[in-house]
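Data first, discussion second: the structure below is written as structure tokens.
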Amino acid sequence: MEDFVRQCFNPMIVELAEKAMKEYGEDPKIETNKFAAICTHLEVCFMYSDFHFIDERGESIIVEPGDPNALLKHRFEIIEGRDRTVAWTVVNSICNTTGVEKPKFLPDLYDYKENRFIEIGVTRREVHIYYLEKANKIKSEKTHIHIFSFTGEEMATKADYTLDEESRARIKTRLFTIRQEMASRGLWDSFVNPREAKRQLKKDLRSQEPCAGSPTKVSHRTSPALKTLEPMWMDSNRTAALRASFLKCPKK
């Protein structure tokens, strides 16, 4: 699973996921399913935001990479993936500027067009079950919830899906392709079933013990499906700016 994650996701997303896990004392090399889940969630947050801008009239527009009108304001502020201290600073700044209610939990995004925080969910289970869990945890009607599944289903607060159908389809296609590629590698079942994943982890650790010092052969062959997984959707200019912002540790 770790090899799959490193091949599948943008290096910045992998780095952010590793940083987040290490912040909580978790090892991406051991908790590989969680590593994959965090990377997936981060990528959906970025895809949700990418290419969406607000024009001078306050209307939401989509601008493709390389478009000369790149000086527009991004519609979404990405909060997920930032250092917690920085993330809360961003949230407080938004609340002070817009007057929106401060959330009790860190949200994933802020929508400048609709003036609301957004909680993004990516689930391997039924979307309505995960939606209710999120809603019960947040306990705020001010934070908008949008849940995606690996099967193409989605659920959002008051059936308001925020994005246009094409943008949402892009996210659903990406998730479905990740699922298909995991399945082709025999990784999907353990990703869905945590108990099976733990059993597999113990089995893998036992099999590695006798030859811990020997080199590991890693296949670098890229399957046709994985080629479609390569994350080409990210705006390179924004990626560089986000990388500098997200990975910069605050001084203590």
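Using N, Cα and C of the backbone, Cβ positions are placed for all residues, glycine too.
What Swiss-Prot records for E80, D108 is active site, and it gives similarity to another entry as the kind of evidence. Per Swiss-Prot, site 'Important for efficient shutoff activity and nuclear localization' is recorded for R195, K198, R199, and the stated evidence type is similarity to another entry. For 202-223, the entry in Swiss-Prot reads region 'Disordered'. Swiss-Prot lists K202, K203 with the feature site 'Important for efficient shutoff activity'.
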Excluding near sequence neighbours, so keeping only residues 6 or more apart in the same chain, what lies with its CB under 8 A of D108 (active site)?
C45, I78, I79, E80, I118, E119, I120
Within 10 angstroms of the C-beta of E80 (active site), what count of other C-beta atoms is obtained when all protein chains are considered?
23
